[in-house]
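Chemist: Handing you a structure now.
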Amino acid sequence: MGQDIAGIILAGGRSRRMGGGDKSLLALGGDSLLGHAVSRFAPQVGPLALSANGDPARFAGIGLPVLADVVEGFAGPLAGILTGLEWAAANTASETLATAAGDTPLLPRDLVERLVAAAGARPGSIAVACSGGKWHPTFALWPTEARAALRRFLVDEDIRRVSAFIDRHGFVEVEFSLLKSGEHEIDPFFNINTPDDLAAAARLLQSIKP
Ligand SMILES: Nc1nc2c(ncn2[C@@H]2O[C@H](COP(=O)(O)OP(=O)(O)OP(=O)(O)O)[C@@H](O)[C@H]2O)c(=O)[nH]1
């Protein structure tokens, strides 16, 4: 599935709310936080790379090429997405790039399939995931031809908000259902920012069926 779609997983942030270091490599339920995202996302795409800053050697165990941001200074996820679009255009035959954040251990297993279906209804647009009425702009399908406009937006206009670019470019939304865990509903895009989030995710992984 999705073998003609390129993908990147974003793991290039500064993890300040986690206390610095690199949250993506923290242990969670017998794997790393990033390992969970890779396991769910990798089967959904063809060529796949990790978008990350700093020493790539720390990701050797993940087994993916590591792309350092083409814009310096931790410019945020949009810098990783621009890097991924330029990588996909130069190194793959794909005309679209699927993106996912590496701090989201329950990301949907049908993410790319559903984004592709929605984008097909409005060619050239960005397909973006939502749940519970909330946008998740780092979980999206991007036409590689958007990269020049994205570079102008990020570098020349110095606007970093992913949602602002999506809004300007044109988009379709794809709604994902909440997951059930007993009486509770869990957002599949629940992402890990703090030590408390990590502890909550460890509890969730025990209670949710894969
Ligand atoms: N490539 C790349 N990815 C980033 C960058 N900043 C954030 N990300 C990724 O985007 C996703 C969401 O990031 P956040 O959790 O909002 O930011 P963070 O810097 O990782 O964490 P905080 O410092 O606590 O805000 C995560 O998967 C990050 O790894 C960046 O500058 N470059």
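Including glycine, each Cβ sits where the backbone N, Cα and C put it.
Features from TrEMBL:
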{"type": "DOMAIN", "residues": "7-164", "note": "domain 'MobA-like NTP transferase'"}
{"type": "BINDING", "residues": "Leu10, Ala11, Gly12, Lys23, Asp69, Asp103", "note": "GTP binding site"}
{"type": "BINDING", "residues": "Asp103", "note": "Mg(2+) binding site"}
Chemist: Looking only at Cβ atoms, how many others are within 10 Å of the one on Lys23 (GTP binding site)?
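Modeler: Result for Lys23 (GTP binding site): 27 neighbouring Cβ atoms inside 10 Å.
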Chemist: Using a 10 Å cut-off, grab the number of neighbouring Cβ atoms around the Cβ of Asp69 (GTP binding site), all chains included.
Modeler: 22
Chemist: Which secondary structure state does DSSP assign to Leu10 (GTP binding site), in the simple three-class scheme?
Modeler: strand
Chemist: Check Asp69 (GTP binding site) against DSSP and tell me helix, strand or coil, would you?
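Modeler: For Asp69 (GTP binding site) - judged by DSSP and reduced to three states - the answer is coil.
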Chemist: Please work out the mean pLDDT for the residues of the domain 'MobA-like NTP transferase' (7-164).
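Modeler: So the average pLDDT across the domain 'MobA-like NTP transferase' (7-164) works out to 96.
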Chemist: Applying a 10 Å Cβ distance cut-off over all chains shown, what neighbour count does Leu10 (GTP binding site) have?
Modeler: 28
Chemist: Could you give the maximum C-alpha to C-alpha distance in Å for the residues Leu10, Ala11, Gly12, Lys23, Asp69, Asp103 that bind GTP per the record?
Modeler: 18
